[in-house]
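Going by Swiss-Prot, these are the annotated features:
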type	residues	note
SIGNAL	1-22	signal peptide
LIPID	23	S-diacylglycerol cysteine
LIPID	23	N-palmitoyl cysteine
BINDING	94, 107, 110, 111	heme 1 binding site
BINDING	130, 152, 155, 156	heme 2 binding site
BINDING	144, 307, 310, 311	heme 4 binding site
BINDING	236, 247, 250, 251	heme 3 binding site
REGION	346-404	region 'Disordered'
């Protein structure tokens with residue numbers, strides 16, 4: 001063996017060993033989520049799962065407070081959202097929220113010291129709207145959050161700004177006018193796939209068409225382009241990464257578009273996408289004029305939410321811990337629901353109707369051809385505050401029980 005060969009063999013062994021370090025150690029965990037023998041399984045790393053469970057522990061609920069006595073609005077000034085709570089429950093809720101959102105900063109993160117009624121601090125205005133957001137989520141979007149619900153801690157996890165909030169990504173700078181459409185950027189947003197790096201702005205902020213699969217075998221019957229398919233798959237990669245699952249969590253991969261072969265989770269995901277859009281458009285964008293520059297992106301757009309903001313790589317946030325049920329202030333009261341019944345957004349009305357009657361399965365029409373979402377180009381976020389109406393064919397899916 002020549003000296004060169006003697007040096008090459010150890011080098012190959014070292015390189016191969018380094019490459020193997022990037023692989024997950026066997027055996028992986030497996031969960032059957034569909035019919036046996038058809039690949040409807042979810043795979044996970046057992047070591048990573050144990051670490052994830054440890055990192056997603058809920059906060060212990062505070063002891064119950066007296067629900068009788070005067071209301072908070074009768075004792076304190078400028079109480080606009082939680083005015084239906086007793087003083088005891090109101091105080092308990094304030095302490096809990098401080099623990100969930102600003103444990104280090106304390107009450108003064110949202111209140112002017114010495115004058116808790118003052119609105120002269122932007123965080124007070126924002127937090128009031130966030131209370132309304134949580135109440136709407138728990139009361140109007142049960143098709144998404146079910147009876148588990150959400151709390152401030154679901155997103156914040158002890159941080160004033162949620163760790164996984166996002167803004168429109170301008171992408172890398174190019175020296176010429178020839179720009180790719182976002183591929184090969186190596187973005188965590190699409191799980192480092194070679195796909196457009198910002199599927200969040202067009203699909204979770206705006207309401208661009210997501211469906212691209214046709215119903216016929218021949219491609220000529222489907223006007224959707226390959227480029228549009230890349231945007232859609234970028235969103236799917238983001239959702240999978242955000243929930244820590246694979247495609248088969250929602251879809252049967254032999255027919256991605258067929259609702260009758262999909263899992264019940266796809267119905268939940270349908271509502272979840274619309275819930276996220278509702279949060280971004282109706283609760284966060286209207287606060288943009290109140291937020292400081294430090295809470296905005298390069299285009300001046302506010303920090304918004306995506307699936308990752310709440311789920312944090314877990315298919316059920318905090319593994320389904322029911323924290324909200326211990327805090328009545330995080331739900332709309334009967335009085336509040338009656339007052340808002342006439343002004344509820346249409347997107348919020350759909351989930352409620354889904355539990356009363358079984359709507360037809362989504363129509364499988366061929367989606368209209370669409371241009372690449374404008375969010376890929378710089379400056380697109382300036383117009384992101386406006387949302388186009390949802391496509392006609394995206395009616396509410398049939399209840400999961402009928403598709404098992």
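Every residue gets a Cβ built from N, Cα and C, even glycine.
On the structure: features taken from Swiss-Prot.
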| residue | record | Cβ contacts under 8 Å, 6 or more apart |
| --- | --- | --- |
| 94 | heme 1 binding site | 107 |
| 111 | heme 1 binding site | 118, 121, 124 |
| 130 | heme 2 binding site | 152, 283 |
| 236 | heme 3 binding site | 247 |
| 251 | heme 3 binding site | 262, 263, 266 |
| 310 | heme 4 binding site | 150, 154, 155, 317 |
| 311 | heme 4 binding site | 242, 243, 244, 317 |
Can you tell which of the binding-site residues (155, 247) has the fewest other C-beta atoms within 10 angstroms of its C-beta?
247
So around the heme 1 site, 94, 107, 110, 111 aside, which residues have their CB within 8 A of the centroid of those CB atoms?
97, 98, 106, 108, 109, 116, 124, 127
What's the CA to CA span in angstrom from residue 144 (heme 4 binding site) over to residue 110 (heme 1 binding site)?
29
10 Å Cβ neighbour count around residue 144 (heme 4 binding site)?
21
Residue 110 (heme 1 binding site), number of other Cβ atoms within 10 Å:
23
Measure the Cβ-based neighbour count of residue 156 (heme 2 binding site), defined as the other Cβ atoms within 10 Å of its Cβ.
20
One should report the C-alpha separation between residue 23 (S-diacylglycerol cysteine) and residue 110 (heme 1 binding site), rounded to whole angstrom, as 46
